[in-house]
Amino acid sequence: LRCLNCPEVFCRNFHTCRNGEKICFKRFDQRKLLGKRYTRGCAVTCPVAKPREIVECCSTDGCNR
């Protein structure tokens, strides 16, 4: 599995996930509309969202755009 791994809105950096990591995720703070920064990467399970945070998970190459 290959997931995007950079904080910019238009990310092109791919990271090859380790064995056992079968989820790509993207998380961001829903309050910050301008200058939005993302945390993207691989995970074993979908991360739990903190208050006012949005977490999106998927399981195909490059799906965490």
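The backbone N, Cα and C atoms fix where each Cβ goes, and this holds for glycine too.
What Swiss-Prot says about this one:
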type     : residues    : note
DISULFID : Cys3-Cys24  : disulfide bond
DISULFID : Cys6-Cys11  : disulfide bond
DISULFID : Cys17-Cys42 : disulfide bond
DISULFID : Cys46-Cys57 : disulfide bond
DISULFID : Cys58-Cys63 : disulfide bond
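Positions of Swiss-Prot features highlighted on the structure.
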{"residue": "Cys3", "record": "disulfide bond", "Cβ contacts under 8 Å, 6 or more apart": "Phe14, His15, Cys17, Cys24, Phe25, Arg40, Gly41, Cys42, Asp61, Gly62, Cys63, Asn64"}
{"residue": "Cys6", "record": "disulfide bond", "Cβ contacts under 8 Å, 6 or more apart": "Arg12, Asn13, Tyr38, Arg40"}
{"residue": "Cys11", "record": "disulfide bond", "Cβ contacts under 8 Å, 6 or more apart": "Leu4, Asn5, Tyr38, Arg40, Arg65"}
{"residue": "Cys46", "record": "disulfide bond", "Cβ contacts under 8 Å, 6 or more apart": "Ile23, Phe25, Val55, Cys57"}
{"residue": "Cys58", "record": "disulfide bond", "Cβ contacts under 8 Å, 6 or more apart": "Ile23, Cys24, Phe25, Asn64"}
Among Cys24, Cys42, the most crowded of the disulfide-bonded residues [Cβ within 10 Å]: Cys24
All-chain count of other Cβ atoms within 10 Å of Cys57 (disulfide bond): 15
